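Read the structure below first, then the notes.
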Amino acid sequence: MFGTALSSSATKVLLLGSGELGKEVAIECQRLGFEVIAVDRYLNAPAMQVAHRSYAIDMLDANALEEVINKEQPDFVVPEIEAIATDKLVELEKQGLNVVPTANATKLTMNREGIRRLAAEELQLPTSPYRFVDSYEELVEAVKFVGMPCVIKPVMSSSGKGQSVIKTEADIRTSWDYAQDGGRSGAGRVIVEGFVDFDYEISLLTVRAVDGVHFCAPIGHRQEDGDYRESWQPQVMTEAALKQAQNAAEKVVNALGGYGLFGVELFIKGDNIYFNEVSPRPHDTGLVTLISQEMSEFALHVRAFTGMPINQVTQYGPSASSVILGQGTSTNIRFDGLTEALSQPQTQIKLFGKPEIDGRRRLGVAITRRDNLETAIEDAVTASNKVQVIY
């Protein structure tokens with residue numbers, strides 16, 4: 001049973017993280033009449049613009065986090081980012097707080113070490129060779145073990161922050177320093193990963209719901225500087241590779257538990273798969289599902305964590321997304337060129353409403369649906385390029 005927003009029966013959803021993904025989750029909650037409270041570290045974040053109330057706090061501050069939760073008494077707490085005081089969520093969950101999908105899943109996946117050890121050591125899934133290190137000296141030894149080239153990442157970071165490639169011994173010191181500056185909670189432990197010789201990588205959006213585990217069609221994507229630039233669905237795969245991918249994803253989400261949508265990242269080589277990472281929430285590459293599916297990843301997430309059945313995931317056909325990337329400094333961002341960008345049918349522009357920019361920032365996305373993937377990707381890129389960001 002669900003209540004009505006702003007009434008004594010209200011079903012309250014508290015979002016921890018209020019970026020563009022949280023905004024879409026908030027919109028789906030609004031469609032069901034839920035009361036939405038958005039939290040982030042800064043004011044006027046995208047999800048705050050479509051929420052009933054909002055708070056700007058340091059979500060790594062356990063006391064500040066607990067204060068907001070105690071004040072609002074939400075029915076569901078929905079993390080959208082990694083930089084959260086997860087130990088406090090674990091503590092509050094034991095007292096009855098409903099964390100999506102679970103507090104432990106949120107804690108485990110915010111740290112690359114936790115999820116890598118779960119996948120590789122407990123679930124025995126194939127992964128790239130890896131080592132965790134705490135010092136520059138340990139890094140030197142780890143590079144010898146995994147070989148060059150290799151990737152170094154802070155164990156707590158996202159969107160490519162602090163991530164770099166070590167190609168020669170001369171890169172080791174630079175990469176170490178960069179990783180220490182890029183972690184979400186400051187300097188600390190890093191993971192060193194050997195390269196996997198893969199053909200392509202996918203995001204397999206996997207829903208764990210009251211009526212079982214469901215899969216979206218695989219999403220392919222192109223990365224640049226550690227962040228996605230284009231994504232498309234469905235990614236063409238062999239039947240054997242898809243089956244392996246689904247089996248691995250199901251093992252991971254069942255191990256994490258709870259209800260919700262998980263973004264499972266996998267490398268594919270022929271018929272073989274290698275586990276990379278998992279997020280217990282909607283995935284940025286899944287923005288394409290706003291046009292490619294009957295229920296977007298955000299709608300699926302809300303339906304699942306509120307205990308409603310999924311029944312089936314319907315995909316409409318070849319679709320793509322292309323990021324609208326800003327580069328500049330402004331607290332008054334404007335956009336032009338939308339008329340030209342929307343000149344083709346089955347094309348949409350989503351602008352996130354981010355209040356400011358200082359450097360490079362993802363500000364929106366163009367999404368398309370076409371008769372074939374090549375045209376969908378090409379037209380999405382064309383549409384995103386026609387949007388002019390004015391600083």
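One-based numbering along the chain as shown.
The backbone N, Cα and C atoms fix where each Cβ goes, glycine too.
Take the N(1)-(5-phospho-beta-D-ribosyl)glycinamide site that Swiss-Prot assigns to Glu20, Leu21, Glu80, Lys354, Arg361, Arg362: the candidate from Asp58, Asp134, Asp284 listed for it is Asp284. Taking the C-alpha positions, the distance from Lys354 (N(1)-(5-phospho-beta-D-ribosyl)glycinamide binding site) to Gly162 (ATP binding site) comes to 23 Å. Per-residue pLDDT, averaged along the domain 'ATP-grasp' (117-306), amounts to 95 for this model. For Glu193 (ATP binding site), other Cβ atoms within 10 Å of its Cβ number 21. Its own atom aside, the Cβ of Arg112 (ATP binding site) has 22 Cβ atoms within 10 angstroms in the protein chains shown.
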